[in-house]
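Asks: Grabbed the feature section from TrEMBL, which reads as follows:
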{"type": "DOMAIN", "residues": "B:7-101", "note": "domain 'Pseudouridine synthase I TruA alpha/beta'"}
{"type": "ACT_SITE", "residues": "B:ASP52", "note": "active site, nucleophile"}
{"type": "BINDING", "residues": "B:TYR110", "note": "substrate binding site"}
{"type": "DOMAIN", "residues": "B:145-245", "note": "domain 'Pseudouridine synthase I TruA alpha/beta'"}
2 protein chains.
Amino acid sequence: MKNIRMIVSYDGTRYNGFQTQPSGNTIQDILESAIKVLTKEEIRIIGSGRTDAGVHARGQVLNFQTNSRIPAERWTLAINARLPEDIVVLRTDEVSAEFHSRHSAKRKTYQYTIDTNQFPDVFTRRYRVHHYAPLDVSAMRDVLAALVGEHDFTSFASPQSTQPSHIRTIYEAELVVGDGRLDIFVTGNGFLYNMVRIIAGTAIWVGEGKMEAKDIPAILASKDRTKAGPTAPPQGLTLLHVEYPE
Amino acid sequence: MKNIRMIVSYDGTRYNGFQTQPSGNTIQDILESAIKVLTKEEIRIIGSGRTDAGVHARGQVLNFQTNSRIPAERWTLAINARLPEDIVVLRTDEVSAEFHSRHSAKRKTYQYTIDTNQFPDVFTRRYRVHHYAPLDVSAMRDVLAALVGEHDFTSFASPQSTQPSHIRTIYEAELVVGDGRLDIFVTGNGFLYNMVRIIAGTAIWVGEGKMEAKDIPAILASKDRTKAGPTAPPQGLTLLHVEYPE
């Protein structure tokens, strides 16, 4: 039995998220079907975590157990030939039996992108949220700075979260101003359901002057989802990369 | 009667090109329908030139005559509200009666983008052509340099071209190496049917070693389409901007 790890990128636009669910049409379903065509095995892949419907990934990580004799370096080409053009495997390697893409993950980085052009850029419309009103970038940076560290993020999680603990650590959170775009990058040891989208939605509200950055500590302390800003739309969010101890 | 000029961007993926044709579903058709909803007028727009099926634009220019009293600065918002998300008007202004987006154009610039990553980038797959084999960038630049100037471009035009003259001037042609991408930029006083795509296809063939850059002058002199390289796929091509005397 081999333990195979893959790094996968996908355009999440037309999928119901990464993880298998009753309504079907998930990235996981498509990948498992493609593996089955290759190996004739009923394989269950383990992703580093879910991504919501409409959310994208540049470096999602998954692993699975297989009896296939396909060498690790041949997997990437073989599976890409059996995948739709909006899901691409970037790398495959064989890892030790202990590797588990979710449990072993140490840090994840997400990117949330806002299109600040007066009219939306047609070429990136599926990967950004259009927001042309002026945004106070300095206040948005204050929001991100106030979230860095170990906190109970209940106020920044969907009430549907089923996690036993809502304590997570954000290592880095920054906002980069680009040409017609703002990018929020957040790195943490793990993220709750909708957490990055609520962080982005809150930063946008503060940028618009609808909330104040100085209230973030009180919002965290309240452990009340209704105190934070809205959940920003999924299409602006991309899972950039997942880091493991090496 | 007012003469209105618009700058339009579009993702050409799902259209049969810019210009109205019997099979329908063109950018021009969509724009004329949106204008008709606004003004109740049967308007014929004039584009700076065609773009092929699947080709994109950041700065296509068009103009049309209207009796509408909508002020120029209100047009952009009003028409974008009536357009699909893959066509966006970026600017509208009122111009003198003599302005004609095709006849008045002095220079046009196109971009052709090649994705050189080992596996295609999912986020730009509709706007680049994937080509992972090594390419000789220096030889490709020699191709572009040999095409600068005034030439008869019959060898670089579709045999279906109906233009009375195939003499055109290329002012600038350069290749820029980026992260996982090569961009070819070509600026000229006008382009024949498929001309930029044949230039890109020829540059790629030379980059692969299938042809030699030193043969470009002889290929031009032959006035024979079969001597140049293939017509590169449409999705890599974008009309960047059109310049007018001011």
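Along the chain as shown, the residues are counted starting at 1.
Placed from the backbone N, Cα and C atoms, the Cβ positions cover glycine too.
As the structure is a computational prediction, the values presented were derived from the model and not from experiment.
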Asks: I'd like the per-state residue tally for the domain 'Pseudouridine synthase I TruA alpha/beta' (B:7-101) from DSSP, helix first, then strand, then coil.
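Replies: Counting residues by DSSP class gives 25 helix, 26 strand, 44 coil.
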Asks: Grab the pLDDT values for the domain 'Pseudouridine synthase I TruA alpha/beta' (B:7-101) and give me their mean, rounded.
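Replies: Mean pLDDT, the domain 'Pseudouridine synthase I TruA alpha/beta' (B:7-101): 95.
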Asks: Given the residue listed as 'active site, nucleophile' and the residue listed as 'substrate binding site', what distance in Å do their CA atoms have, once rounded to a whole number?
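Replies: Cα-Cα, rounded: 13 Å.
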Asks: Taking the recorded positions one at a time (B:ASP52, B:TYR110), which has its Cβ surrounded by the most other Cβ atoms within 10 Å?
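Replies: Selected residue: B:TYR110.
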Asks: In the domain 'Pseudouridine synthase I TruA alpha/beta' (B:145-245), how many residues does DSSP call helix, how many strand, and how many coil?
Replies: 36 helix, 31 strand, 34 coil
